[in-house]
Amino acid sequence: MANLLSYVLFLALRTFAAPPEYIQVWPGGSTSDPRDSGNDTVGPSLVPPPGTSKHAPHSIIIGVRKGGTRALLEMLDIHPGVAAAATEVHFFDWDDNYAKGFEWYQDQMPYSYPNQITVEKTPGYFTSPVAPARIHAMNSSIRLLLILRDPTERVISDYTQVYFNRLENHKPVQAIENMLVKNGALNTRYKAIQRSLYDVHMRNWLQHFPLEQIHIVDGDTLIHDPLPELQRVERFLDVPPRIMASNFYFNQTKGFYCIRSDGQERCLHESKGRPHPPVNSTVLRQLRLYLRQHNRNFYRLIGRTFNWQ
């Protein structure tokens with residue numbers, strides 16, 4: 001009899017609980033996501049919320065590195081209809097992970113409710129020669145998000161991240177000019193420059209997906225005025241408009257927008273938005289000149305222009 005009463009009570013609680021798209025109940029009565037405590041995945045001791053399961057992503061943020069992928073994912077995660085993967089999975093661009101198989105990949109996804117879409121982001125996908133074909137083989141109709149910023153600024157940001165990572169790991173560092181110039185000429189083989197050749201990488205993706213399946217987010221605009229860009233993403237993903245201006249506030253100290261959601265405020269990690277080093281003006285002009293034609297090629301590919309120098 002006691003067991004029957006307990007079961008009836010359990011059903012009643014589920015019936016009158018808040019809708020699943022607004023609350024996730026974890027062991028111990030917490031309504032917070034395990035990621036908030038620093039865990040990237042749900043551990044085996046945690047029981048997922050009733051009615052949830054793991055699915056292959058409905059959409060993937062494919063890049064670009066240092067283009068604002070983390071900001072885009074964090075801002076999308078405000079939406080109650082979006083379940084965002086906590087970590088970069090690197091399934092389609094790393095052979096070792098791809099060899100683990102599709103079931104392994106799906107297991108890296110977050111638990112989600114039936115009325116949610118799952119989104120993962122791995123910025124390395126955009127520049128990977130193999131990722132487009134692999135993603136197409138999984139789901140040829142998947143919706144892809146590509147966030148880009150001024151390619152010259154992206155090169156410098158790419159260098160800045162590597163620079164600080166090497167400092168933190170007590171490794172030797174070089175001035176940016178030493179990376180950008182080799183034997184007196186622009187070092188076009190430098191990986192950071194190669195990643196900013198948007199036209200080259202986009203051609204690879206357009207061999208596998210039509211342009212209408214790739215929504216391009218303006219990363220420079222997202223930093224200065226996030227709401228319009230996110231509203232366009234909501235329409236592309238075909239989810240109800242739920243993200244509002246009140247979800248953002250400008251942090252004067254950090255110099256960029258932070259997120260306000262569910263009564264809490266959070267900003268991106270301190271590694272984001274680091275000041276860029278000054279670059280020799282002659283070298284900077286060489287870099288901009290080299291990228292300019294690639295930018296024009298990219299504009300023709302997508303039928304759209306950006307305010308890149």
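We count from 1, first residue shown onward.
Just so you know, glycine gets a Cβ as well, placed from its N, Cα and C.
Feature annotation from TrEMBL assigns signal peptide to 1-17.
What TrEMBL records for 27-56 is region 'Disordered'.
Annotation source TrEMBL lists domain 'Sulfotransferase' at 57-261.
The Cβ of Lys66 (active site, for sulfotransferase activity) has 24 other Cβ atoms within 10 Å, all protein chains considered. What TrEMBL records for Lys66 is active site, for sulfotransferase activity.
The annotation 3'-phosphoadenylyl sulfate binding site is assigned in TrEMBL to Lys66, Gly67, Gly68, Thr69, Arg70, Arg149, Ser157, Tyr257, Lys272, Gly273, Arg274, Pro275, His276. Close to Arg274 (3'-phosphoadenylyl sulfate binding site) in the fold, though at least 6 residues off in sequence, lie Thr160, Gln161, Phe164, each with a CB less than 8 Å from its CB.
Within 10 Å of the C-beta of Cys267 (disulfide bond) we count 16 further C-beta atoms, all protein chains included. Under the heading disulfide bond, TrEMBL lists Cys258-Cys267.
Proximity to Ser157 (3'-phosphoadenylyl sulfate binding site), defined by a C-alpha to C-alpha distance within 10 angstroms, is shown by the following recorded positions from Lys66, Cys258, Cys267: Lys66. Other Cβ atoms within 10 Å of the Cβ of Cys258 (disulfide bond), summed over all protein chains shown, number 17. Of all the binding-site residues listed here (Arg70, His276), it is His276 whose C-beta has the fewest other C-beta atoms within 10 angstroms.
As a whole-number mean, the pLDDT of the domain 'Sulfotransferase' (57-261) in this prediction is 96. In this structure the alpha carbons, written CA, of His276 (3'-phosphoadenylyl sulfate binding site) and Lys66 (active site, for sulfotransferase activity) are 12 Å apart.
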